[in-house]
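As written in TrEMBL, here are the features:
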- N122, K123, S124, D125, G175, Q176, S177, G178, M179, G180, K181, S182, T183: GTP binding site (BINDING)
- C258, C263, H265, C271: Zn(2+) binding site (BINDING)
- 72-234: domain 'CP-type G' (DOMAIN)
- 83-232: domain 'EngC GTPase' (DOMAIN)
Amino acid sequence: MSAPQALLRGRVISAHGRHYIVEFEDGSLRQCYPRGKKAGAAAVGDHVNVRPEGRDEGTLDSVETRRNLLYRSDDMRSKQFAANVDQLLIVVAVEPTFSEDLLGRALAGAWSADIEPVIVLNKSDLAAGLPAARQKLATLAGLGVPVIELSAHDTNGVRAALADRLTGKTNLLLGQSGMGKSTLLNALSPEAGAATREHSQALDTGRHTTTSTRLYHLPAPGGDLIDSPGFQAFGLQHLSSKEVEHGFPEFAAPAEQCRFYNCTHRHEPGCGVLAALAAGRIDPARHALYARILDDNAAGMRY
Ligand SMILES: Nc1nc2c(ncn2[C@@H]2O[C@H](COP(=O)(O)OP(=O)(O)OP(=O)(O)O)[C@@H](O)[C@H]2O)c(=O)[nH]1
Ligand SMILES: [Zn+2]
């Protein structure tokens, strides 16, 4: 009998139910299965240790400690899907109208996990609607979120606007339907665009497919991009109240003035956040969103 092979360290680049495609440092791929129930909880972006089996399979031995773990919510369910994300690219567009509530939730999800958000304002060629879209984003731009205007139809323009920001990072792409996420993905990585087109064609023809999250390597200057077809909203209900608060960075300085250390910034006397709200230094819509997320979580509702 030959001795068991040594463990190999790799990164999960796609997940289909309980089997994973893992990529190793030499660029090789293996289809991997979790060994026990405990090893089953890997997500795309996880660094894992794999025991090779045969030429191109392996068992998942362990998942390394992750920097963050993100949940997506679909049909009232929430499930983990991406890990070790550095930057979130949120695609909105001049038209159709985007939801400010979903955008605010996406930002809260990013900030609560220490991920830098970037807003991509797509369809900048639709010039008539551009001032109104900019206006809707003004509060967030004022908080320091980069807002990058581009047209996803202009491939060279997309690369010029984004390539340097994406390099050296694991980026996660998020967008409501119709914002142009697929067009943008195709401009950034034709390989990724082709894979998602195949996926949606399969859905149209009724062939069985499972929605799969995938990590793509971007062409030079590089960077990784995670696409999760249909990903429109984070699941936030696993967040504690403090983590939700962390999703609203403009609360941090005024919260230092709160009388109570466990202030929820909703009705307490001597609350620095409510004082900043009353003085117009915190946007009322942002505070209302914060309260909605806390209420949803308290009610056990799922987004
Ligand atoms: N004018 C203009 N239209 C665009 C631009 N980018 C995408 N579109 C159009 O917007 C529509 C939606 O684009 P998609 O890339 O399919 O959008 P998506 O966000 O992936 O949407 P779903 O497929 O519904 O998830 C398509 O008709 C695109 O041609 C752009 O920069 N300018
Ligand atoms: Zn307070």
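Quick reminder: no glycine exception, Cβ is built from N, Cα and C everywhere.
Put simply, of the binding-site residues C258, C263, H265, C271, the one whose Cα is nearest the Cα of G175 (GTP binding site) is H265. When the binding-site residues M179, C258, C263, H265 are checked against ligand 2, C258, C263, H265 have a Cβ within less than 6 Å of one of its atoms. When averaged over the domain 'CP-type G' (72-234), pLDDT in the model lands at 91. Checking the binding-site residues N122, G175, S177, M179, K181, C271 for a CB within less than 6 Å of any atom of ligand 1 leaves N122, G175, S177, M179, K181, listed in sequence order. Distances between the Cα of S124 (GTP binding site) and those of the binding-site residues C258, C263, H265 are shortest for H265. Within 10 Å of its Cβ, the residue among the binding-site residues N122, S124, S177, T183 with the fewest other Cβ atoms is S177. The Cα of M179 (GTP binding site) lies closest to that of H265, out of the binding-site residues C258, C263, H265, C271. A gap of 39 Å separates the Cα atoms of C258 (Zn(2+) binding site) and N122 (GTP binding site).
Within 8 Å of the centroid defined by the CB atoms of C258, C263, H265, C271, the record's Zn(2+) site, lie the Cβ atoms of A255, R259, F260, T264, R266, E268, G270, G272, V273, L274, excluding the listed residues themselves. Put simply, T183 (GTP binding site) is 45 Å from C271 (Zn(2+) binding site) when counted between their Cα atoms.
Look at the domain 'EngC GTPase' (83-232): DSSP puts its residues at 63 helix, 33 strand, 54 coil.
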